[in-house]
Structures are given as C-alpha cells and as structure tokens.
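For reference, the structure discussed in these notes is given below.
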Amino acid sequence: MDTDELIAALAADDVPAKRPRLLWRVAFGLAVSLVLMLVFWGMRPGWPGVLMMAPLLVKQSLPILVALAAWPLLRRSDPEAQAPLWPLWLLAGASAAGWALSVLGGGDILGQTLWACLLSIPALALPIALALFRGLRHRVEPRPARSGLLAGLFSGGAAAAVYAVHCDEDSAAFFLLWYGLAIMLCGLAGRMAGRRWLGV
Amino acid sequence: MSRHHGRTQMTGRDDEIEALMRKALDGDRRAYAACLQLLVPRMRAMASHDLPAQHGHLAEDVVQEALLSIHLKRGSWDRNRPLLPWVRVIVKHKAIDALRKTPSAPHEPVEDHPGLDAPEVDPLAGLHLEQALSRLSPRDAALVREHALGGADPETLSKDFDLSPGALRVALHRALRRLADAARKEEEWTPMS
C-alpha cells in the first residue's frame, strides 16, 4: 500500500480524535476508588477529627504529596519535555528519614494489618491507574516506561491517601514503610504496563 | 528543522499545515487529507535525516507508521503549540524503532553496482504496511483497502460489509487501530536487505 492510499484510508475515518483528558479521567477513577473504599473497607471511626493528631495528618497528606509531585510530570503538552524528578526523591528521602527516627523511637513496625495495607492500596489504585492509562494511550509517549512509572506512582499515592481514611494503624514506623512499599509496588506495575501499552 | 527555505514553496508553510490540522480536528476531512499530504514530504525529509544512509530504504515505512500514529494521537496535539515539532518527535521515534527492529546485516545499495540502475520508484516501499495488513483479520484488511482506494461510496460499502453506516465508521477506526498495532509489533518482521 503506498502512502497516498494510506492517507485516503486515514481521511475516511471520521471517528472524532480522542483527547487524553487526563484530569477528567483521573477525577473519575479517584471517585470510583473512594466509593469502593467507603463501601467495602469503611471509614475509620471519627475520621476527619483524628487528623488533628500530627502523625495522622502526615499519614493522610504524604501520599497526596506523592501524587501531587508525580502529576506535573504526567501533564505536559510537549511530548519530549523532561520535568525533574527531584520532588519525588525528596519525598522518598524524607519518608525514609522519618521512618528511621520512628523506629529508633520504638514505633511498631509490623502492626496488625500489614497485608491488608499492602494489598488494599494497589487494589484501590487500580481504578485510578486504569482511567489514567486510558488517557495516556491517546498521547505520544516517547518514554513509555518512565511515563508508566509516574502514572503508577500517582495512582499508588492517590490510593494510599484514600486508604488512609480507612486504616487505623497510627505508628509512623508502620505507615511510612508499608505505604511507601505499596506505592512503589504500584509504580513498578505502572512501569511494566507502560512498556506494554504506551508508546509513540 | 522545520523550515527548509528551498522547500517552503513546494510543501506549504508551517502555519498553513497547522491551520489545516485545526480544521481537521473540527471535523473537516478534506482539510485533514490536505494536511497529511503536505506533511508527507516534510516527514520524508525528517526520516531520511534520522536513518543512516545504508537504511535509507526504511524511510517510507517510517513515514507510514508515523502517519498512523499521527492519526490515532492527533487529539493529544496541543493546538497552542506548533505542529511540526510534535510530528518531528513521532517520526524520530518511529525511525529509532525501525532501526531497532532491523537486523544489522549490511545493506548493499543498488547504486554501488555499476550497470544496475536504481529504480525510480522503490519497489519495496509500503511493504512493511502490506505485511501489517496481512496480519489483520481479512475483514479489517478489506475495510482498510477499500477506503484506501478513495472515492469509495459509503452506501455500497455498508452493503458490502453488511454494516450500518455508523457501525462501518467504527469498524474502520478499529481496523486502523489494529493496523497501527500490527505495524509496531516486531514479530514476522522480515529484513528488507
């Protein structure tokens, strides 16, 4: 088939061009994830009130910061723009330092709900990641693995913030380690998915 | 990269191409075809710039794959940004992919053999797309081919494929998606040297 014939076939396709619409898709995925959490996991008793305690405020806001740090890296209109990754590294470093301090202070590392945490965060990340990847599929992604990793980290961070509404493990030694691991797990899964499904 | 002074007259100016793409995104199919026609010479120049000389024969395949990608992802082009740099990124990465998929066996350009004239038209151009088409279901391949001939009457086609006009549109769109996927896959890539 020569190039002119290909152009004729492409011009005959009048299905409107799909736009990435990342913000809308993510809002939808996040809403699904929130509803799932409220229905199947349930809000912890006295949730918004407990946020007045410093470690809980950290537990609730740190994953949101991870998601916020990954977001600008995903939303760029120039396909080859490279945003710096240092905000994510900074968050990881601060969390690791906080975790070490908390362990030295005798915090409870293993807690009671370790597996629930490690499994729930990726499960709640799935609706967000699916919505995000549907949008990214319509975009030119010259570095699919990197974009997939960032999409996974964003979904994991957002899902951890959702899960924190349910989780009642309040030791920083617990949540910094296991939330962090769960978010990284989401990032790795996103990286693999990106290699498989994203591209130019 | 985008403005070759000698070429500007022949292939349209950047802003003309961009204006056509904007119209195309608003649903003007004739503007869309014109836009792609104007882009192709630019994309050929980009592809031959990106490919080393001994792989120059891949240029048309790169252009065709890039056209499919532009078609499927044109909705992500930011209308406030120039179009040509966006196209440039796609062509560059399609060229990288094409080189990655091609075994490094030395290609002997026919020009090096005295007495053998290089053909005017490259007989291998479009072979990669043909191979991708052959990996589609017969119906998908037929849908693409029928529309490629141009001037196909939608009503006759709906009857031929036993689809309502709406379903025909969607079927063509999906066939083109699968064609782009098939063209990107590495399997069954046969070296063309």
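A Cβ is built for glycine as well, from the same backbone N, Cα and C atoms used for every other residue.
If you look up TrEMBL, you'll see A:22-43, A:49-74, A:86-107, A:113-136, A:148-166, A:172-190 marked as transmembrane segment.
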For the transmembrane segment (A:148-166), sequence-distant contacts whose Cβ falls under 8 Å of one of its Cβ atoms, 6 or more beyond its ends: 26, 29-30, 33-34, 37, 41-44, 47, 59-61, 63-68, 70-71, 73-74, 88, 117, 120-126, 128-129, 132-133, 136, 175, 179, 182-195, 197-198
Annotated stretches the transmembrane segment (A:86-107) and the transmembrane segment (A:49-74) touching (3 or more Cβ pairs under 8 Å): yes
Cβ-based contact of the transmembrane segment (A:172-190) with the transmembrane segment (A:22-43), 3 or more pairs under 8 Å: no
